[in-house]
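Novice: Summarising the annotation, TrEMBL assigns transmembrane segment to 45-71, 83-104, 110-134, 294-320, 326-349, 361-380, 443-462, 483-506, 512-532.
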């Protein structure tokens with residue numbers, strides 16, 4: 001028994017979990033802290049935070065396919081180590097620059113009429129964006145490729161590993177901001193910068209070692225399939241006349257270490273071709289994504305990002321206007337984490353009982369059924385929905401009266417409230433109505449209670465559905481295209497996420513939030529309709545066959561990377 005325990009803790013699977021936990025912990029701390037730092041630096045304004053969010057979303061949207069293509073064209077160890085070093089080095093450098101800005105901010109304001117400070121802001125956002133792009137590359141190579149190779153031919157093991165990775169994500173998403181929030185509360189932003197830089201330096205060294213150990217323990221990671229161009233195949237066939245000619249339309253793949261194959265000499269590429277290459281890669285990536293048999297499933301997942309029904313700054317900010325206290329919101333966040341973990345537990349069990357594709361159908365139906373509570377909440381007592389109110393009425397009135405616009409209590413309410421860290425803008429986590437005479441009438445809590453009941457309950461189906469689509473992509477995208485297809489999938493996710501923020505900008509007042517809820521539920525419904533269409537095309541008449549299928553007849557039986565499974 002002791003030997004089995006030791007074997008588990010030294011296995012490639014556990015080392016992969018440990019490395020992911022360290023990486024995710026650092027990511028969550030940084031993503032939480034950087035927004036707070038930018039607010040603190042720019043005079044309690046959300047401008048820099050908004051610019052940073054726009055730059056990050058736009059960069060992944062435009063460069064997702066290029067990042068994935070780079071992942072595909074290089075060896076696994078090189079990709080993982082390079083992205084790890086770039087990501088952590090960027091965060092460390094950003095933390096050092098922020099510490100310098102905090103320490104010398106007064107002097108920087110006077111130099112060159114403040115332009116030097118502005119350049120520092122641009123530098124911080126640029127380096128932070130590079131860190132996020134490197135993090136995207138790390139996620140693609142580890143969570144979409146390494147994990148498939150480590151799991152081998154065992155689909156159940158792959159499902160369990162995917163679920164464990166998501167549980168780690170759920171826990172670190174709550175605990176990491178709490179930890180760094182306490183440090184920033186009882187210390188200072190500068191101490192927080194130093195702590196995060198130190199953590200990333202230590203974490204980078206440990207993660208680097210863990211990656212190397214996983215690579216050593218899994219020899220198949222050294223073998224990576226690459227796409228071979230048609231001209232190269234002709235030369236290969238001339239050298240190996242005995243090889244059978246591949247059938248037309250079949251994806252052609254060779255291993256990098258195939259003996260006797262010498263890659264042809266690279267032709268001279270003109271300047272115009274080099275300039276056009278990223279655009280060609282971008283186009284080819286999106287075309288390849290569209291041609292995937294799991295295209296509709298991926299689009300269904302992306303549509304779930306077009307929603308305000310999550311624990312982000314928008315939904316928690318709305319709840320704050322409806323009278324929920326910070327302590328209540330932090331408890332609700334904890335409950336959402338628990339239901340999210342329940343979804344990761346339900347996924348492997350459902351997959352074993354009903355098959356992978358039917359698990360997505362069940363999960364989608366469960367999520368949508370729970371979101372019906374959110375729709376009902378829009379029409380219940382306490383709902384501020386009033387479409388006769390102009391979205392910009394309050395802003396216009398203040399501008400005409402020459403009154404200052406209100407500042408938001410925190411850049412990331414769900415994180416601030418969960419950590420208990422006082423807002424850096426007003427020094428407290430209480431609502432803006434601190435004067436009893438100015439406090440509004442108590443708002444009935446029926447509407448907001450139903451809203452959060454639906455959001456929290458829907459997390460079970462949401463995370464199970466997310467894991468379903470993730471495993472479909474892992475199993476049904478050929479090895480030589482995993483990077484670029486998952487890069488485009490990330491771009492799609494960011495695109496829909498960006499659209500949901502634009503939707504809120506167009507209707508920012510609480511009276512319009514009910515309309516945003518209805519639009520969000522509509523997009524979730526469209527996403528699951530796309531997935532249903534994918535399942536219908538894949539399973540045909542067997543779509544509604546009872547659970548506990550014959551393993552030999554399910555789409556889960558063929559080896560990973562075989563597109564025939566769908």
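Using N, Cα and C of the backbone, Cβ positions are placed for all residues, glycine too.
Map the listed features onto the structure and describe their local environment.
Specialist: Listed as Cβ neighbours of the transmembrane segment (45-71) (distance under 8 Å, sequence separation of 6 or more from its ends, same chain) are residues 34-35, 38-39, 79, 121, 125, 128-129, 132-133, 136-137, 140-141, 145, 278, 281-282, 284-286, 407-408, 411, 482-491, 494-495, 497-498, 501.
Sequence-remote contacts of a segment are chain residues at least 6 beyond its ends whose Cβ falls under 8 Å from one of its Cβ atoms, and for the transmembrane segment (83-104) they are 23, 26, 30, 34, 37, 41, 117, 120, 123-124, 127-128, 130-131, 134-135, 137-138, 141, 188-190, 193-194, 196-197, 200-201, 203-204, 207-208, 211.
Remote same-chain partners of the transmembrane segment (294-320), defined as residues 6 or more beyond its termini with a Cβ less than 8 Å from a stretch Cβ, comprise 329, 332-333, 336, 360, 364, 371, 374, 408-414, 417, 431, 448, 451-452, 454-455, 458, 462, 465-466, 468-469, 472-473, 476-477, 489, 492-497, 499-501, 503-504, 510, 513, 516-517, 520-521, 523-524, 526-531, 533-534, 537, 566.
Same-chain neighbours of the transmembrane segment (361-380): 300, 309, 343, 346-347, 350, 354, 446-451, 453-455, 457-458, 460-462, 464-465, 468, 514, 517-518, 520-521, 524-525, 527-528, 531-532, 535, 543, counting only residues six or more beyond its ends whose CB sits under 8 Å from a CB of the stretch.
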Novice: Apart from its near flanks, which chain residues at least 6 from the ends of the transmembrane segment (110-134) lie with a Cβ under 8 angstroms of it?
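Specialist: Cβ under 8 Å, 6 or more out: 30, 34, 38, 41-42, 48, 51-52, 55-56, 59-60, 63, 67, 83-84, 86-87, 90-91, 93-94, 97-98, 100-101.
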